[in-house]
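Working notes, beginning with the structure itself.
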Amino acid sequence: MKNRLNVLAFFALLFAALYISRGFLQSWMVGTLSVVFTLSVIFIGIIIFFENRHPTKTLTWLLVLAAFPVVGFFFYLMFGQNHRKSKRFSKKAIEDERAFQKIEGQRQLNEEQLKKMGGHQQLLFRLAHKLGKNPISFSSETKVLTDGKETYAHILQALKMAEHHIHLEYYIVRHDDLGNQIKDILISKAKEGVHVRFLYDGVGSWKLSKSYVEELRDAGVEMVSFSPVKLPFLTHTINYRNHRKIIVIDGVVGFVGGLNIGDEYLGKDAYFGYWRDTHLYVRGEAVRTLQLIFLQDWHYQTGETILNQTYLSPSLSMTKGDGGVQMIASGPDTRWEVNKKLFFSMITSAKKSIWIASPYFIPDDDILSALKIAALSGIDVRILVPNRPDKRIVFHASRSYFPELLEAGVKVYEYNRGFMHSKIIIVDHEIASIGTSNMDMRSFHLNFEVNAYLYRTSSVTKLVSDYVYDLEHSNQINFSLFKNRPFFHRLIESTSRLLSPLL
């Protein structure tokens, strides 16, 4: 009791002393904090300058710090630092490589099949194997799914057929009609003894209700939030999001592509209307790679290691294929910016055509130059984007690239049937990529992404026909009219582009 009184007396005296000297302390603290804060801003400015980033990104951050020193200081601490080589991501990369080594025999390149490809196509898939560690599969069946209704008709049916396990990994999960349909099936399968693991992003799914998660957990579904954000304790991980959309069922059937879980992806949102997206159904050997990507992400977040033959056995996933399929993961845990380098390789190796669809088109200088050079060389370069904003700054930043692309001969189209959310690139009508990666800096440098690269499959032919159909529901941008757009539009676009390195 005596000790408690002494403690209370001490704090009472301390409070009294602070109250009496409040004027002096206030001026002293304000002055000290101002000096410390100014030195911190200068220190961060020096760090940015000597990081040897791209000059545009360096200049943008320095301008933000100069114009908004207080906000810019905290904004840089949260979003500006490059943590690709941080201890946490480096550890994941090492563990992923160990996981790859466990199935090394299953991951060797099929040299006989590669010899049937053209020289530049061989180089692309060797590069993908070098960067992404996964070989091309010629024992996989694929099917292109062209919108939410078709995609979820297949997904819901496949989930109902699950017998052993269901693995889901999503950026956005909504507690709405579609979300409830998924939930009810997962609960039913869990009660049947099917092992269900569900990994959802902590930022993309921040609106997901606690009741939704708890109902699934109570039924035995393992629900895990990827890098959850715990206010007010924000960390740099808020900037590195899991943008992947993966489903693996029994190690035999898989899905990957651009669609999240929500009613808007079925065209039920009044603003967006019809939601044009592209997803891929996969059956066969390539599913094992999707499985491995999921299990690595699961281990990263939970610490649970489940890399065994129960989930990765080759006997689970062999089927007859009609071409090559290669699943490639990209993210801050990889040494290289994998998808960016593969997109660049696809563009620079094109002989006849480059067709791109992306809802968020903010290319870096390398991709932008490659597209312009291709068009100037006589290659048919087409870019399909939305005609309405999903994210306004990104939408206006995208349009700022149109004049120089149009001048080089690139054909730019805006989709007018609804909202264009497909993330595809088709080269020479032979090679294509479908996945989660946008043609923007966030997908190239920050997000965890996954893409399927296809070679001479029936799915590539379907992508070509779908693209032609989409162009029939699009408006081609006229260069003469576009370059004479109002000054205010150009101002907004230029400002948005200036901020694009921060997006």
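The backbone N, Cα and C atoms fix where each Cβ goes, and this holds for glycine too.
The structure displayed is predicted, hence computed values, not measured ones.
The Cβ of His243 (active site) lies under 8 Å from the Cβ of Tyr171, Asp201, Gly204, Thr436, Ser437, Ser443, Asn447, Phe448, Glu449, each of these being in the same chain and 6 or more residues away along the sequence. The feature active site is assigned by Swiss-Prot to His243 (among others), with sequence analysis given as support.
Annotation for Lys245 (active site): spatial neighbours Glu169, Tyr170, Tyr171, Phe255, Val256, Gly257, Gly258, Leu259, Asn260, His279, Thr436, Val450, criterion Cβ-Cβ under 8 Å with sequence separation of six or more. Annotated active site per Swiss-Prot: Lys245 (among others), in sequence order.
If you draw a 10 Å sphere around the CB of Asp250 (active site), it holds 20 other CB atoms from the protein chains shown. For Asp250 (among others), the entry in Swiss-Prot reads active site, with the evidence type sequence analysis.
Annotation source Swiss-Prot lists active site at His421 (among others). Its own atom aside, the Cβ of His421 (active site) has 26 Cβ atoms within 10 angstroms in the protein chains shown.
Cβ neighbour count for Lys423 (active site) (all protein chains, 10 Å cutoff from its Cβ): 26. As annotated by Swiss-Prot, active site applies to Lys423 (among others), with the evidence given as sequence analysis.
Of all Cβ atoms in the protein chains displayed, 20 besides its own lie within 10 Å of the Cβ of Asp428 (active site). The feature active site is assigned by Swiss-Prot to Asp428 (among others).
The domain 'PLD phosphodiesterase 1' annotation in Swiss-Prot covers 238-265 and is backed by sequence analysis. Mean model confidence for the domain 'PLD phosphodiesterase 1' (238-265) is a pLDDT of 95.
Helix, strand and coil residue tallies for the domain 'PLD phosphodiesterase 2' (416-443), in that order: 3 helix, 13 strand, 12 coil [DSSP]. Residues or ranges marked as domain 'PLD phosphodiesterase 2' in Swiss-Prot: 416-443.
The transmembrane segment annotation in Swiss-Prot covers 5-25 (among others) and is backed by sequence analysis.
If you look up Swiss-Prot, you'll see 30-50 (among others) marked as transmembrane segment, on the strength of sequence analysis.
As annotated by Swiss-Prot, transmembrane segment applies to 59-79 (among others).
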Inter-residue Cα distance where the pair is Asp250 (active site) and His421 (active site), in Å: 29
Inter-residue C-alpha distance, Asp250 (active site) and Lys423 (active site) (nearest angstrom): 27
